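Swiss-Prot annotations:
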COMPBIAS  10-21  compositional bias 'Basic and acidic residues'
REGION    1-21  region 'Disordered'
ZN_FING   23-45  zinc finger
ZN_FING   79-101  zinc finger
ZN_FING   131-153  zinc finger
ZN_FING   159-181  zinc finger
ZN_FING   187-209  zinc finger
ZN_FING   215-237  zinc finger
ZN_FING   243-265  zinc finger
ZN_FING   271-293  zinc finger
ZN_FING   299-321  zinc finger
ZN_FING   327-349  zinc finger
ZN_FING   355-377  zinc finger
ZN_FING   383-405  zinc finger
Amino acid sequence: MLESLQPESELLHDEPDPGEKVYECDECRKTFSLEQHFVEHKKTHGGEKSPECTGCGEEFSKASSLTRHLRSRSRRESYKCGNCGRTFSQRGNFLSHQKQHAEERPSESKKTPVPMTTIVRNQRNAGNKPYACKECGKAFNGKSYLKEHEKIHTGEKPFECNQCGRAFSQKQYLIKHQNVHSGKKPFKCNECGKAFSQKENLIIHQRIHTGEKPYECKGCGKAFIQKSSLIRHQRSHTGEKPYTCKECGKAFSGKSNLTEHEKIHIGEKPYKCNECGTIFRQKQYLIKHHNIHTGEKPYECNKCGKAFSRITSLIVHVRIHTGDKPYECKVCGKAFCQSSSLTVHMRSHTGEKPYGCNECGKAFSQFSTLALHMRIHTGEKPYQCSECGKAFSQKSHHIRHQRIHIH
């Protein structure tokens, strides 16, 4: 459900992944991202040959045997660093490692690794096409097409968007990207009417309606509608955190997490409430805050009727009824219903206190605790007693005081 809430810009990378396998049916030209799905589809045409692995050519008597073989190959397939010889079983980890060498030698070309199975498949499909890529074996009819393709491997991006400065390896990707700025959304979903600037994003969106999740984690079996979500998820198993803060050295698994963290150091709070003037570091916090003024709570729990201003809050609330606690501490085993609670809890083990007071230097494990502490310096007391007018800096102190009037 959460995946359906992602902004369109996060749904798909604009450029194709040279390491991602695509299987095309000779009968109907339908394409598949996973070979297991491709093998199952071939059965629908009937009279198929013995199932064969496109990577090594081995034939099998049953499709299930081929499926087991493919899983075994996937586990064994590794990426070897040409600079230091280190091998990786996951492509994402390999790419992160390659960045370290790229930073050491920024002038050198940054080539993307290609799995051997992709090279073998491309060579088989070459046919009579005379121009073949030396990196991945893919062949083309024209030399110009080959040159365009090679930019994927070299990292060359000569086509730059004059609106935002983002660069692309091929002109067609720039043209597709420019729809983001123009506001054009020609691709519309027949199910719900939502429109997209790129056809690929529509295809991914439609999986929300069909329930298709072609990208499965080999570690825990969890499936995703897009490859980028799987890559981010796999970091929860590997512990990989490729994005590091230059100020304090803290590492993050996602680039967006690093971007938000960096605002702590620069003190940036660009989002201001027009009603009361409160400022926020993130737009999502401002939107959530706005509901205090409007009182709007459009998302209601089917179990108890409690309403929420955000659908994500409803999803977390429903876990109270289901007992689902998907986020578990690897140190002590304590489980939580939301990831933010686990993040805060982990600091009790690590002793990390990332939120520091600019006035006195005192540090805190939670931003909310820092916000309360800051009122000591500012003198802010937002909670006022309606009976006697006495004001308090904290809500808990206000509630405790009100008991005096009740008794």
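Even glycines carry a Cβ here, placed using N, Cα and C.
Break the zinc finger (131-153) down by DSSP state and the numbers are 11 helix, 4 strand, 8 coil. Counted with DSSP, the zinc finger (383-405) comes out as 11 helix, 4 strand, 8 coil. For the zinc finger (159-181), the number of residues in each DSSP class (helix H, G, I; strand E, B; coil) is 11 helix, 4 strand, 8 coil.
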